[in-house]
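Trainee: After the structure tokens below, expect a handful of questions from me.
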Amino acid sequence: MNRNPDQNTLPNITLKIIETYLGRVPSVNEYHMLKLQARNIQKITVFNKDIFVSLVKKNKKRFFFDVDTSASEIKDRILSYFSKQTQTYNIGKLFTIIELQSVLVTTYTDILGVLTIKAPNVISSKISYNVTSMEELARDMLNSMNVAVIDKAKVMGRHNVSSLVKNVNKLMEEYLRRHNKSCICYGSYSLYLINPNIRYGDIDILQTNSRTFLIDLAFLIKFITGNNIILSKIPYLRNYMVIKDENDNHIIDSFNIRQDTMNIVPKIFIDNIYIVDPTFQLLNMIKMFSQIDRLEDLSKDPEKFNVRMATMLEYVRYTHGIVFDGTRNNMPMKCIIDENNRIVTVTTKDYFSFKKCLVYLDENVLSSDILDLNADTSCDFESVTNSVYLIHDNIMYTYFSNTILLSDKGKVHEISARGLCAHILLYQMLTSGEYKQCLSDLLNSMMNRDKIPIYSHTERDKKPGRHGFINIEKDIIVF
């Protein structure tokens, strides 16, 4: 039988804090389970809810002005959530409520509340690029890679998009300007900043505080719309989280990276926003085409890829002086696949100080082999490259997360060979190594190519783990 803590002892400050928070005298079990949370609970209790309500209303007015909800509804939702613990008796749910309320109390003002105050002046830093001149070249390159055979029976795992994406995009544009040391963007929106003819959906971001930001944003959307918002963590995408509404519609996603990784990601500054250097993005696109699913996307909408490719080609031409004359030298580098052991050997001696690169298609095998080498100089760039790199005894060791396309039995398709070369060049860019000659040869190797059919492809590495999620409505955190 539950008993109340002894009321005859001297006044217990911790007891009073918990009692005030719960709106009732805690049971013995509640007291002993929650007493270590007393500091967080006190912060929640003294938190100025009126100021918080005002900030959410201002966020609504600026970014969600077309959402039909009243100021009183927003206030009621906020006050209801901050008193939810008074009607909750499950210890696990109480811990979840305390954790999420603590995030709002300690971070919301600095992360999203700040977006409501006057912004610094935007420093216009756009360069005029002649993208049109690259469109025909991009079309030729992409046409030679448009070799996927679409299986009409295959169910594609594309997400449904929430109607709130346009509102969140407006918020994200301001967020990227205010928090440009901790959040940068890549993908179609970043290229749109260079070329306004590019269409974009949601805004792709890398940040150093992804979980906190997404929790704050999820609550902002919940308080404004009244909808249940769910945060999901996908095991096979490293440090990735996504916000979806109660109907499983995609709102925004984010990859989290360490600050030291953020510091070395090549980036450029446009209108107070940092974007991943388009050179780096171009290499990632070349790497991406080794993935059979991406080639299927290319087959369905080549023009979408064409305008992006042309934009990045013009950027590297302008920035690095790349001459597109078909001079390819030793590109793509020679690649030999061991299908049984799932390792591709890339001959790199013509371009780099290490003579070859062993590319593993199974990450766990690479990790085991690195341990056997007893080498502690590996570089982990997290989701930026989806791989660890190690150079040991003039050999690079790395992991490749995409499929490997074959043009014949035991023969690496040139699309994948270029993807592997691009993967190595990502390392060179991240470590300030030499890459421009190799980049020039790689891009020129994509010119004037005939289509080569795909014979087969390797399967992607299967990632273990379970899905994690935060369900605000049900007070559940599973990670």
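Backbone N, Cα and C define each Cβ position, glycine as well.
Look at Swiss-Prot and you will find Asp202, Asp204 tagged as active site. Marked as Ca(2+) 2 binding site by Swiss-Prot: Asp202, Asp204, Asp253. Taken from Swiss-Prot, the feature Ca(2+) 1 binding site applies to Asp202, Asp204, supported by similarity to another entry.
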Trainee: An 8 Å radius from the center of the Asp202, Asp204, Asp253 Cβ atoms defines the neighbourhood of the Ca(2+) 2 site; name the other residues of that chain inside it, in order.
Mentor: Gly187, Gly201, Ile203, Ile205, Ile252, Ser254
Trainee: Measure from the Cβ of Asp253 (Ca(2+) 2 binding site) and count the other Cβ atoms within 10 Å, all protein chains considered.
Mentor: 21
Trainee: Applying a 10 Å Cβ distance cut-off over all chains shown, what neighbour count does Asp204 (active site) have?
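Mentor: I get 20 for this one.
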Trainee: Can you check which residues sit near Asp202 (active site), meaning Cβ under 8 Å from its Cβ, same chain, 6 or more apart in sequence, and list them in order?
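Mentor: Result: Val161, Val165, Val168, Asn169, His250, Ile251, Ile252, Asp253.
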